[in-house]
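Participant: Before I ask anything, here is the structure I am working with.
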């Protein structure tokens, strides 16, 4: 074979090898598109800092609003309802006139008793004069002792008649006064139970119901295991603060104090009932309303707290990832306590103030992983998604 032919053959071989190499590398997956390669990068994470502050320890419960005082308005005398002076649903003050009972029959009775009193007083006066005369005659031995005794008894009888008539007059006067039905307490009056013109029976017929809105009470139950946290402060004279929230638990309604703890435990539920009083100056609490209760029972002084997002749960318990100065993640087992209202968790052991803990992007981390701390707006979403998928693939099935 001539040199020229050999050169052509080698050229063809070189071209074939080059083309093959080109397509071989072309078909290989790009490192930039391989999630497994991305795992070799520093994992971007967001972090929070372990801090220290006083944290209130609270118990949560579902409570029912009850009026501290509820009074059914009735009449103290029997008669016909003559007038009504209140509007349904209005606020009434203690002593305010609500209704009027027809007192004409009681006025007639009063006049009758007044006449009886005048008669009895006249009879008593005459008997007293006669008794005085009999006493003088008896001293002169002009009358028998029996006559004097008889007149003395007659005088005493008329004295009793006068007192009886005076008592009847007082009763009749009170009945006339009782015809004016006034509010026994201040509060909001409900629906009218009877109309004008109807007969009213003393201490029986309901005219309306008044509910005292200020203050208001809330009853709720707590587990019996927490009784000691309640009883001890109350016995020592300390006030236990109670906060009421709406049913969603988001809106704060009112603040009050625990006043009463029941003297028995419900054996069915294992709970004990408490009663808290709220001044309710803004009338935000309404009878039979359901509210979420948070009862402060203690305060953890200088407690360590971390964002709740930092705490993860594994087969061996709760843990967090702590980032050191070399941007290396360390898996630390922690013991937690209560969670605060601003999504912070109290950590009892495992951490120190100032340490950085992973709050986002830690799904693919392992002990010793390299990380890159980023702010939320700088997070590479595709990398975080790949990390999450990698973490999912690592989980046992």
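Placement of Cβ uses the backbone N, Cα and C atoms for every residue, glycine included.
What TrEMBL says about a protein is an automatic prediction, not a curated fact.
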Participant: Checking feature assignment: coiled coil per TrEMBL, candidates 110-137, 138-165, 166-193. Which range matches?
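Facilitator: So the range that TrEMBL calls coiled coil is 110-137.
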Participant: Tell me which range among 7-25, 26-44 TrEMBL lists as transmembrane segment.
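Facilitator: TrEMBL lists transmembrane segment for residues 7-25.
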Participant: Are there residues at least 6 beyond the ends of the coiled coil (110-137) whose Cβ is under 8 Å from a Cβ of it, and what are they?
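Facilitator: Cβ under 8 Å, 6 or more out: 143, 147-148, 151-152, 154-155, 157-159, 161-162, 164-166, 168-169, 172-173, 176.
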Participant: With DSSP as the yardstick, break the domain 'Multidrug resistance protein MdtA-like C-terminal permuted SH3' (302-362) down into helix, strand and coil residue counts.
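Facilitator: So the domain 'Multidrug resistance protein MdtA-like C-terminal permuted SH3' (302-362) is made up of 3 helix, 38 strand, 20 coil.
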